[in-house]
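Worksheet: one structure, shown below.
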Amino acid sequence: MQILEILISGITQGAVYCVVAVGLSLVYGASRILNFAHGSLYSLGGFLAWYLVVGGPGLPLWLAFLLILPVLALTGVVIERAIIRPLRGSDNWKINTIMVTLGLAFIIENGLQLVFGPGTRTIPPFVEGSLSIGGITITWYKLSIFVISLALVGTLELFLSSTRYGQAVRAVSQDMQGANQVGINVNQVFSTTFALSVVLTGVAGILLAPVFLVSPLGGWAPFLKAFVIVVLGGLGSTKGAFVAAFILAVLEAFVIFYIGPSWAMPAWLLMLIIVLMVRPKGLFGVWEN
Amino acid sequence: MSAKINATLAKIPSVFTGTGLKRDSMVYWAVVAGLALLGGLIGDSYVHHILILVFIWCIVIASWDLILGYAGIFNYAQLVFFTFGAYGSAMLSIYAGLTPLLAIAAAAGIGAVIGLIVAVPSLRLKGEYVALFTFAVHLALPPLIQQGKAIGMGGNTGLLGIPWLNLFGYQVSSIDKLTWYWVALAFGAVCVYLIYFIVLRGRMGLAFIAMRDADTFAQAIGVNEYKYKMLAFVVSAMFTAVAGGLYAHYTSVVTPKVLGTEFFLMAMVMLAIGGMGRFPGAVLGVFIVVIGNELLRSFDDYRLLLLGIAVVLTVIFLPNGVAGLFAKRK
């Protein structure tokens, strides 16, 4: 019974990690940029929600969601336009994008710290109570974020596979020059993927705010976790990220239960090393490196 | 074939082919001598303190420049090497009673080993994967230091009362800023000279640049990629650990704060503003940033934010740093 409970906790957690990971993978797939600010944008989502629901006007969470989504999308577009695009095609493009996204991560972190102070925050969950079946208990909140996360990832997959726009994103991922030649607006694809990516990670930050706490520096853990998931799943593969998120989150749940929560992060790093050593392509990787 | 190599060599500025080494060295040591004199003329111990930090940082940034700018390996574990140097040297002198100079020498050895340990997994990876892996090592270290309280690493409060440097029987206390100024300058000048003039102008440096700019060609003419990348890690980590040891004995305190955001950001800004792989860019970057950071002291709340903004702006508008302003070559 206990094992089943750990398993369930891992699976619900995994769905949210998957949302963060898919966002990271989407941008990397389309523009080959590893966004080091992805975790800070996760914190940004959490803080915006905290402000609207708890700290400021006291809105209901669903309304806060509706207000935050366009802000996150706009943030993504602005980041892409203002600091990523000017670097494209420059001499040391790769190292420069690493530098600016790391710099951006520190800007967001310290900005959040300045505005909201260094402490941790939490948001009350939007549903209380828990469901118990046959001795296994799971809170309604965890169940609902599980469903929301699955819906998000599913919608994204549907968008990528069956809309014309999603096909453009996939075309750019596979061959940027080719996509450009057949008339796809590559810049627009970059902006869109960036916007979607920020929305995804920000939403994950909001969903997990009641479970974990939100803090200005708290984005590095989800970022590293997302990266491990993306590497295990195979870069650019939504399906891979989906499977990997569940495997790794369940492993994490077992580590936390049997060894202790302070070992969760070292365990993720160990998994990262093992994955990179054993299968750098990932489970479903189509990655050329 | 050799004609082709010679043609390639002709395109590389003299900095990398060893010509003009004597002339450049003389200029370098003249500047160092000037700084040594300047130290005697400055009466303000606060200014001494700032410049001591500059000299220690110079070693760290020159080492980082070696691996990131010259060898083109996206290593972000530089402060990990610094931390091991600082803790290693501090613990050896506190617990084993080693004389600080010997402890710093031992720290260099520790740094080399840590460099090797970080290098082995990193060398199987490419590009941004190296960046992420090494940065993950950086992020994982503070919790490990807390766990290390059991073996005398002092946990969150760090290590206090690290012995002062002992030069030929003379105790150099942290208050004796003028002596420290010369000690730090001597260490900094020698390390920076070894990095830029001996290592990078020698066979190793040529191999680094060849791998960075044309790795397939480099391999075709027989550059052993694995060996030289490994050496880049080891040499870079070794010098950085020396800086760490020096820092520990200067401040006589080491805490996990050396892995905090502030130090990491400072290091990034120095390299970004100075310019990577273009001596003396990175070293100039250290001077600009440390002094600039002191001038920003009055905006303490916004300082880290401003440093972050400085990284982004310099990378976008000044992609080759101040070194790029002087260079005509693209």
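Glycine is no exception: its Cβ is also placed from the backbone N, Cα and C atoms.
The transmembrane segment feature in TrEMBL is assigned to B:26-43, B:50-70, B:76-95, B:102-123, B:129-145, B:179-199, B:230-251, B:263-292, B:304-327.
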Long-range CB partners for the transmembrane segment (B:26-43) (under 8 A, at least six residues beyond its ends), listed in sequence order, are 51, 178, 181-182, 185, 189, 193, 197
Contacting positions for the transmembrane segment (B:230-251) when only residues 6+ beyond its ends and CB under 8 Å are counted: 52, 56-57, 59-60, 62-64, 66-67, 70-71, 73, 75, 78, 81-90, 93, 100, 103-104, 107-112, 114-116, 118-119, 122-123, 159, 162-165, 174, 180, 183-184, 187, 191, 194-195, 199, 204, 208, 258
Name the range, of those listed as B:76-95, B:102-123, B:179-199, B:263-292, B:304-327, that has the largest tally of Cβ pairs under 8 Å with the transmembrane segment (B:129-145). B:76-95
Below 8 angstroms Cβ to Cβ, which residues of this chain, lying six or more residues outside the transmembrane segment (B:76-95), approach it? 60, 63-64, 67, 102-104, 106-108, 110-111, 114-115, 118, 131, 134-135, 137-138, 141, 145, 152-153, 159, 161-163, 236-237, 240-245, 247-249, 254, 256, 258-259, 263-264, 267
Same-chain residues near the transmembrane segment (B:102-123), Cβ under 8 Å, at least 6 residues beyond its ends: 73, 75, 77, 80-81, 84-86, 88-90, 92-93, 130, 133-134, 137, 226, 229-230, 233-242, 244-246, 249
